[in-house]
Amino acid sequence: MVLSSELLASILAEVRPLLGQGKVADYIPALAQVPADRLGMAVCTVEGELFTAGDAFEPFSIQSISKALSLTLALTLYQEEEIWARVGKEPSGQPFNSLVQLEFEQGIPRNPFINAGALVVSDLLETRLTAPRQRTLELVRRLSGNPAIMADQVVARSEYQHSARNAAIAYLMKAYGNFENEVDKVLQSYFNACAIRMSCVDLARAFIYLANRGVPLGAGEPLLPARTTKQVNALLATCGLYDEAGDFAYRVGMPGKSGVGGGIMALIPGELCVCVWSPELNKAGNSLAGTAALELLAERLGRSIF
């Protein structure tokens, strides 16, 4: 089938009956207030064409999707070996906020997309930047072409007030010598990134560089080298959807990154970036209807990286 807004609308209509079968994230009180019936989808091609359906323009909390943006920012500031000396490149097979594996592996997180790994990346940003929160916002505004993007401070505060487990993860890494800055300061920057509000359209545009050999939408110069972009995509394919990455690869067949706000970003290198949003999550913490929508999109377009 040919990519069109009508195709996206038909896919959303097909997955809409799934609404009510998942559960909105409630361990972050501010996220629990998001209406469960929201459903949106946007696709941006490497040529800049945009296709939308449903609530594609409504901003939501990107949560762990921000981990891919933070890693990108770190890769512009550090030699890659400096990053991979402190965080691994392997799937975890454990819950995203697990302490058990971290203890067993002496404070080196499995990958940059679980909480421990993202906290190490945030620690790296804190070391190298005087204003990491502002630099992260500047990056997403530039990549998406939307200067109005902000972090929701109500969500950020809500996460900070319920941050005992993330603090425990950070202090455990500090005990193993894998955390340089004040834990409290890094946590606040980390939660601020998670609390950034973007729409499906914003995200589909922002991540097009991963589908375009490192070159952002409308830019001449690459943000990342093509080789590094390929490596980030490999990590997204193996680690981007918590401990459901294998099932997502099997069903959808695209590199992707999810967040407990209900968003999923996925891409086909050389072609397009897609973002879908539905706040109700499955047991693995990924959008239930969103995953189904991406599976249908891959099927209808006959596209996969495999």
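For all residues, glycine too, the Cβ spot is worked out from N, Cα and C.
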Which of Val46, Val100, Val201, Val260 belongs with Ser64, Asn115, Glu159, Asn166, Tyr190, Tyr242 in the substrate site listed by Swiss-Prot: Val260
Most distant Cα pair in Å, residues Ser64, Asn115, Glu159, Asn166, Tyr190, Tyr242, Val260 binding substrate: 19
Other CB atoms, at most 10 A from the CB of Tyr190 (substrate binding site): 29
